[in-house]
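Database features, via Swiss-Prot:
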- 14-34: transmembrane segment (TRANSMEM)
- 42-62: transmembrane segment (TRANSMEM)
- 79-99: transmembrane segment (TRANSMEM)
- 108-128: transmembrane segment (TRANSMEM)
- 132-152: transmembrane segment (TRANSMEM)
- 167-187: transmembrane segment (TRANSMEM)
- 206-226: transmembrane segment (TRANSMEM)
- 302-322: transmembrane segment (TRANSMEM)
- 330-350: transmembrane segment (TRANSMEM)
- 374-394: transmembrane segment (TRANSMEM)
- 409-429: transmembrane segment (TRANSMEM)
- 462-482: transmembrane segment (TRANSMEM)
Amino acid sequence: MPNEIFTINLNAQAIIPEAFILLGIVGTLLVDLAGEKTASRWAPVICYISLGSSLVSLAFQWSNPVNNAFLGSFNSDNLAIAFRSIIALSTLISLLISWRYTEQSGSPIGEFAAIVLSATLGAMLLCGSTDLVSVFISLETLSVASYLLSGYLKRDPRSSEAALKYLLVGSAAAAIYLYGSSFLYGLSGSTNLSTIGVEIINKPSFITSLSLVFVLSTVAFKIAAVPFHQWTPDVYEGSPTPVVAFLSVGSKTAGFAFAIRILTTSFSSFDEQWKLLFTILAILSMALGNIVALAQTSMKRMLAYSSIGQAGFVMIGIVSGTQDGLSAAVLYLAAYLFMNLGAFSCVILFSLRTGSDRISDYSGLYQKDPLITLGLSLCLLSLGGLPPMLGFFGKIYLFFAGWANHQYLLVVVGLVTSVISIYYYISVIKMMVVKEPQEASEIVKSYPEIKWNIIGLPPLRIALYTCIAVTALGGILSNPLFKLANSAVSETPFLQDILAVTNNML
């Protein structure tokens, strides 16, 4: 009988998608041992098979989720499936745009792919972790791999500096999480997130509030929310651009998945407190992220501050605490995947051809490279929330959900900062399109001939076309996509009780 109970509670099929990622890690490391030529040929194929199999298995799990696996330490519910799918897809696109960059930098491709897949594994496990211990293991798997990726260009001092800064701040965030977790365990006698929520209902104290602040600090670090954002611009500027592309979507998505799960389960009785703190973080992130982005001269730093502001928009949906709000947050993260990675695809392509990251060097680019100009323009307009782009509908759903939940201040700040973001996005577009031939930058004047048959460029082209198409045409499918996100929220058991209480309060 005990063996039967153990078998039932284990439910190992819940992590089949992660198992495919693990096999991909092993495969890429093995081909890396066979030599650089073998790795260059087979590492991408292994990654595609691994991530494709993971996405297919997630699709099969959608209709048959596993809500209690590994003795209650992992849930493969619909919300976790949605977030894990976003992360796996972001990794696939990030790898497509990274092969040429990695090849040109002279870095081992197999090793790079293995570390990216390791970060993906940690991020996906974090989305479904329901135990303080499994959360920490997943968090550290993601973090350590991210540190390695940030410093992957060993010969570039900026990359090493970025990795060191990321390591120091990330280690502090991990220590803060452990300290907060120790308080939660001491108060509840359990490491299970749901059990903690039940045990601390009648134990409001300074220690409980302190644990909330510590855990929320870790969440804010992962999603790069103000004032825990200081690492973001420096790490984004110094790290390899494909790594930045992955971190801006994959790591942020995992952070939001973790935030929703721990705040709505362990701190469900502190609903007002964490929503107040999240509101402050959202306002600061939207305001500072978009205002400081105005003054940036580096494209990567501008996108770094932009990502801080985008995190603030997603937080509007989480603070609303309603089914529509959480659904809008999921939808916007899915839209952000294509908008942001599309923009980074253009930045990578431009840097491969020119070696420059300065915004001023994009001046007059339309005359030499219409594809990058069109792609970057569409993605930036979508990030700004202009119709009929996918980003516009994502923001509309977030603002409507916030307004319906009486989050008027958040919505007003969101609207104002969206207008500010449109200004600096359009400034870049204007620089690329409007300039006369004689006003083009020196780099654009000597722009090299475009050759798409070079190793690594065809996958980048596929990723760029995909992101442009989804960003530009995704608005047409915004309603079906929102319904899909809505079903992910409504069919997740741990959210049903929370949503019922919220609906009764409205």
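The backbone N, Cα and C atoms fix where each Cβ goes, and this holds for glycine too.
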Residues of the parent chain within Cβ reach of the transmembrane segment (462-482), under 8 Å, 6 or more residues beyond its termini | 93, 96-97, 327-328, 331, 334-335, 338-339, 341-342, 345-346, 349, 371, 374-375, 378-379, 382, 387-394, 397
Ranking 42-62, 79-99, 132-152, 167-187, 409-429 by Cβ pairs under 8 Å to the transmembrane segment (14-34) puts first 42-62
Cβ-based contact of the transmembrane segment (302-322) with the transmembrane segment (108-128), 3 or more pairs under 8 Å = no
Spatial neighbours of the transmembrane segment (108-128) far in sequence, C-beta under 8 Å, 6+ residues away = 14-15, 17-18, 21-22, 24-25, 28-29, 31-33, 36, 39-40, 43-44, 46-47, 50-51, 54, 74-77, 80, 83-84, 87-88, 91, 94-95, 98-99, 102, 134-135, 137-143, 145-146, 148-149, 152, 246, 250-251, 253-254, 257-258
